[in-house]
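Notes follow the structure.
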Amino acid sequence: MASRDMGRPRPGVLSGLSHVALAVWALLIILPLLWTFLASFKSNSEIFGDPLQLPGALRLDSWGRAWDEAHIGQYMLNTVIVVFFGTAGTMLFGSMAAYVLGRYRFVGHKLIYYYFVAGLAFPVFLALGPLFFVVKQLGLLNSHVGLILVYIAYSLPFTVFFLAAFFRTLPEAVAEAARIDGASHTRTFFQIMVPMARPGLISITIFNVLGQWNQYLLPLVLLAGAPDKWVLTQGIAGISTLAGYQADWPGLFAALSMTILPVMVVYIIFQRQIQSGLGSGALK
Amino acid sequence: MERLRKYGFVAGFLVVPLTLYSVFVISPYVQAFQLSLTSWNGYSAIVRYVGLDNFGRLLGDEVFWQALRNHGLLLLALPLTTLVIALFLSFLLNLGGGARGAGMRGVWGSKFYRVVFFFPQVLAVAVVGVLFQAIYRPDEDGVINGLLAKFGIEPVGWLIEPGLALWSVMAVMVWQGVGFYVVLFSAGMAAIPKDYFEAAAIDGAGRVRLFFSITLPLLRDTVQVGWIYLGIAALDGFALIQVLVGDKGEPDGATTILPITIYKNAFSFGKVGYASAMGVALFFLTVTFAVLTLRTTRRERVEL
């Protein structure tokens, strides 16, 4: 019904249909998450019973088991450490390189810029085997330091690409004034250019935090031999395999809920910034 | 002196990022190309060059072709499904409210919908995989099958039917990805001047006409970017399939994909050389796809 006279005789019908379509998709997203959350309070037999049934009692012991026995607490801490240092390092070194490449003219500046950006064209699976041996030779296998350095290195191409363009748009006059006042290049960068580049830096920080928080492949390869160092994504996948043997399904869903909830809280608080941060990846 | 200071500063700022990037990113890529010409197993001291043998073997490897077929299917269906759903939803969100008074409006509650739709995007793929394992369970204990049982429908083996497994995996990718493109397209639609719609609505164009004659042509570039992103996602799929279905490509090779095959060859079978050759093939596939998409979808731009 391509209503020719939209908005006049029956505006309610099409709007109503729009709402039905939108609500269906919203439910498709909310229901699986809600089910997971409820399942964490259920008993094994309730989980495998009627999916629409609510938990018979509010069982909190599965959350305790997931935190301690399934090591979710440990994985969470590991992830926070790795992502914190990974993102901090990425932002520091990435913005330094981007600044120099975006605003200084020197022999080879174009070449170095393209050298960084070239990293965007390669699928990480191509590097996987050799990367493992590089990290092994440096004695950094099964260590957080190794994983952090690898995270930084693989986050650099996009960070440099995005920030170099951003630094280029900043007005020259302010940097010029600072120089006349006798500020060194380094001081100009940290005290003047970085604060001016804040919007861009925030977007790309969010982009990197999410990317590193959700990374699964690299820890799988680089931390395989040290289960006490595992990050959340890896841990959850491990627990899911184990849950089958131990028949502790409520524990699995408690672990899942525990992983999802903090992300949801952060997302709800920062959803505007997160949406534009991730969108910046597409709207170059 | 000033010149020297400038060069010192530039060098000082570049040395750490360049070193990290060269050691952990560039050198593995270069080595991968080199190793693709060897039969190295990952531990022996001697690296034997075998020329293009690995690539020859690749052409005769049934697993490789199986993976390519699966990627081909994903490459066609994943972007198409995701983009159609996302365009439809974002059109409803932004223009579904109709043209009353001062121009087009979004539907009531569009902000809430946007927040909900986007949420799966921030979840780790590995987490989503574990979540959908429970939903897809093949017996009546699975969430979907439990619901189907209420209507007297026999349980469906979502992930164990060879004809169905890849589609089930793809549905999860769509579930997770749509919200991102809804936000992307919404931003694009917001940038279209309101008088375009008003003028068309005055001329009697319905909502369907508005969509196909105004919205879609003006969103062309954004859709193209989305297509490339989803295409690259279709050539990946590692975390989701590894967690959801496992790494054996079951059932019957229906979920065999290159990234998992590369991972297994390098780390389980000790065929680092062969895995690298497969990585090189994947690289050329990705680049070919991106270039083809950019070239075939390039037409004269609609200037705003």
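Glycine is treated like the rest: Cβ placed from N, Cα and C.
Annotation source TrEMBL lists transmembrane segment at B:7-30 (among others).
Annotation source TrEMBL lists domain 'ABC transmembrane type-1' at B:68-293.
Marked as transmembrane segment by TrEMBL: B:73-95 (among others). Among residues of the same chain six or more beyond the transmembrane segment (B:73-95), those with a C-beta under 8 A of the stretch's C-beta atoms are 104-107, 110, 113-114, 117, 166, 170, 173-174, 177-186, 189-190, 197, 207, 210-211, 215-216, 219, 223, 226-227, 230-231, 233-235, 237, 289.
What TrEMBL records for B:115-136 (among others) is transmembrane segment.
Residues of the same chain lying 6 or more positions beyond the ends of the transmembrane segment (B:164-184) and with a Cβ under 8 Å from any Cβ of it are 70, 73-74, 77-78, 81-83, 85-87, 89-90, 93, 114, 116-121, 123, 125, 128-129, 132, 136, 156-158, 222, 225-226, 230, 233, 237, 240-241, 244-245, 250-251, 254-255. Among the features that TrEMBL reports, transmembrane segment is placed at B:164-184 (among others).
Summarising the annotation, TrEMBL assigns transmembrane segment to B:227-245 (among others). Counting only same-chain residues 6+ beyond the ends of the transmembrane segment (B:227-245), those with a CB under 8 A from a CB of the stretch are 71, 74-75, 78-79, 82-83, 124-126, 128-130, 132-133, 136, 159, 165, 169, 172-173, 177, 255, 257-260, 263, 282, 285-286, 289-290, 293-294, 297.
Residues or ranges marked as transmembrane segment in TrEMBL: B:272-294 (among others).
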